[in-house]
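Presented below is the structure to which this report refers.
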Amino acid sequence: MEKEAAKRRVEQLHALINKYNYEYHTLDDPSVPDSEYDKLMKELIALEEEHPDLKTPDSPSQRVGGAVLDAFQKVQHKTPMLSLGNAFNEEDLRDFDRRVRQAVGDVEYNVEFKIDGLAVSLRYENGVFVRGATRGDGTTGEDITENLKTIRNIPLRMKRDLSIEVRGEAFMPKRSFELLNKARIERDEEPFANPRNAAAGSLRQLDPKIAAKRNLDIFVYSIAELDEMGVETQSQGLDFLDELGFKTNHERKKCSTIEEVIEIVEELKTKRADLPYEIDGIVIKVDSLDQQEELGFTAKSPRWAIAYKFPAEEVVTTLLDIELSVGRTGAVTPTAILEPVKVAGTTVQRASLHNEDLIKEKDIRLLDKVVVKKAGDIIPEVVNVLVEQRTGKEKEFNMPKECPECGSELVRIEGEVALRCINPECPAQIREGLIHFVSRNAMNIDGLGERVITQLFREDLVHNVADLYKLTREQLINLERMGEKSTDNLLNSIEKSKKNSLERLLFGLGIRFIGAKAAKTLAMHFETLDKLKKATKEELIEVDEIGDKMADALVTYFEKEEILKLLDELEELGVNTVYKGPKKAAAEASDSYFAGKTIVLTGKLSEMSRNDAKAEIEALGGKITGSVSKKTDLVIAGEAAGSKLAKAEDLNIEVWDEARLISELKK
């Protein structure tokens, strides 16, 4: 076939295959038999092989799986992919409703299924799917584009040429899971514990052809730029996603009172067992986007949504032993070793016992019959003992007086429940501290997980965090399961971590009571490690959210000579000790136009993102709110501004366009 004719036919085939694909996988209403679909796909692949330049990224042929990858690249999300706060009972839902109504008044809620899968983001440029990523830590995920292309419900080209980031939950249907596990058992392979693990494992395959065989599915539930799309509610946003050709879950309801929400939750709960996919709860969202913006976010989750989690499944098994582990702060934690038992779809052999007091309070003994559940359907825990089933063979358990790792005396610090090893040279504490230092929310050194750290420690190659930056290629390549490529990738990752902003280093150091949020607050305030090291307790407690306990821990930490020596060594090795994030509002912000003003952003900005505009205005002393009122000083209106612009005009509030905003920001 000649080139022009081939081009026209390829375009026709794209349109036909995409249409049939949408009918079959999204509408569940096919208009042609499978044989016709297969014939068209075969013709398209043949034409693309004959004319390789006609193969485009949005071609339906690209769903079969591309080349094998060496590793997953990191991807920065346009806006954070936060997790949701949890509700476990009716009272939790009522508390959520009270908080929402106190903040914004009357509301409507959108109630949706919480799909039990893997949260993903889908990036489209001019209507074409260009990148897909996992949630990761909420800010940065992993690029799994080629694997996501194998999910036939993800349109490779939308029905409109928009540039947006769509959020959804990829999952494995129950039937696909059963067939996959049946095939794995027949091949003498370990079956997956549950559909969620199977979906996550499939999407993290370096070979997309494996993912293509797994018959994954997806429901999408939001657009990162939803408020720029001219829609005003979450429910309108879902309808808009339907119009664009995405698959949304139609098991959703709107309601205006918490009583209605609770009724709907109970109704939807009864459908769980009969669904063709797994759900692990119900999501309740404030429907109005204006009210969502007004409610805002905590560090971890939106204030305008909550996930009702189903009551955990409980089972009975035998407690065989109690194992002790020493954490990075020296706390000794007991863990129950159980006779293997299935709980919520996974085999459980270990469960948390938290501390000595809990063991005594519940009178837990070795060989007891115990009730086990998964807290929040994730972490197994021992609920209680079936005392009536005791046979007399059970044995009492007593916590040791010495550290199980180093033999030092264990102490209980006043006001705490945990027994602690206070030996700073305890090998378990050092090892756990190293694992924490390289973790995702700390220095984020990809490829340097628990297994490699344990090997390095066992081979006497690392004794503290500074030693990680002295590792050589020769040392790493000799470790188990470390080839040339993985060694080079790890060295690159270690080198890259030197450029991290100060808050990651602070969190990674594992200072008592200093979590990721406090580390960010301290880094923003003091801006350099040198200033923080010299801060007095009085200066520390002046910082927002830093209390006496944190201040004391920081002063004690930075008084230690060995710590100061370690920090100096890290600096000499090239590790950054300066805050690189957005600066707190500078003193000169008081001279800016925005200082002290209440400002509303609405519509789509073309020269900068809404998040960037918000950050810059706040850095100059402005306060961004989600709704227009008499207290609003300024409305900045982009394209498709909608009701907020109309309300601003009604109230005679000053309105700027994007050009005026950029002009003011440049001053």
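In case you wondered, yes, glycine gets a Cβ from its N, Cα and C as well.
These features come from Swiss-Prot:
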BINDING   Asp34, Ser35, Glu36, Tyr37, Asp38, Ser83, Leu84, Glu112, Arg135, Glu169, Lys285, Lys309  NAD(+) binding site
ACT_SITE  Lys114  active site, N6-AMP-lysine intermediate
BINDING   Cys403, Cys406, Cys421, Cys426  Zn(2+) binding site
DOMAIN    589-667  domain 'BRCT'
Show, in sequence order, which residues other than Cys403, Cys406, Cys421, Cys426 on the same chain lie with their Cβ within 8 Å of the centre of the Cβ atoms of the Zn(2+) site. Val326, Gly330, Pro404, Glu405, Gly407, Ser408, Leu410, Asn423, Pro427, Ala428, Gln429
As a test of the contact definition, list every same-chain residue at least 6 positions from Glu36 (NAD(+) binding site) whose Cβ is closer than 8 Å to its Cβ. Tyr20
Please list residues from the chain of Cys403 (Zn(2+) binding site) whose Cβ is under 8 angstroms from its Cβ, counting only those at least six apart in sequence. Val326, Val332, Glu409, Leu410, Cys421, Asn423, Cys426, Ala428
Pick out which of the binding-site residues Leu84, Cys406, Cys421, Cys426 has the most other Cβ atoms within 10 Å of its own Cβ. Cys421
Which residue, of the recorded positions Asp38, Lys114, Arg135, Lys285, has its CB surrounded by the fewest other CB atoms within 10 A? Asp38
Whole-number mean of pLDDT values that fall within the domain 'BRCT' (589-667): 84
Nearest to Lys114 (active site, N6-AMP-lysine intermediate) by Cα, among Asp38, Arg135, Lys285, Cys406 (binding-site residues)? Lys285
I need the CA-to-CA distance for Cys406 (Zn(2+) binding site) versus Arg135 (NAD(+) binding site), whole Å please. 39
Could you check what DSSP calls Glu36 (NAD(+) binding site) once collapsed to helix, strand or coil? helix
Per DSSP, three-state class assigned to Leu84 (NAD(+) binding site): coil
Within the domain 'BRCT' (589-667), how many residues are helix, strand or coil going by DSSP? 29 helix, 17 strand, 33 coil
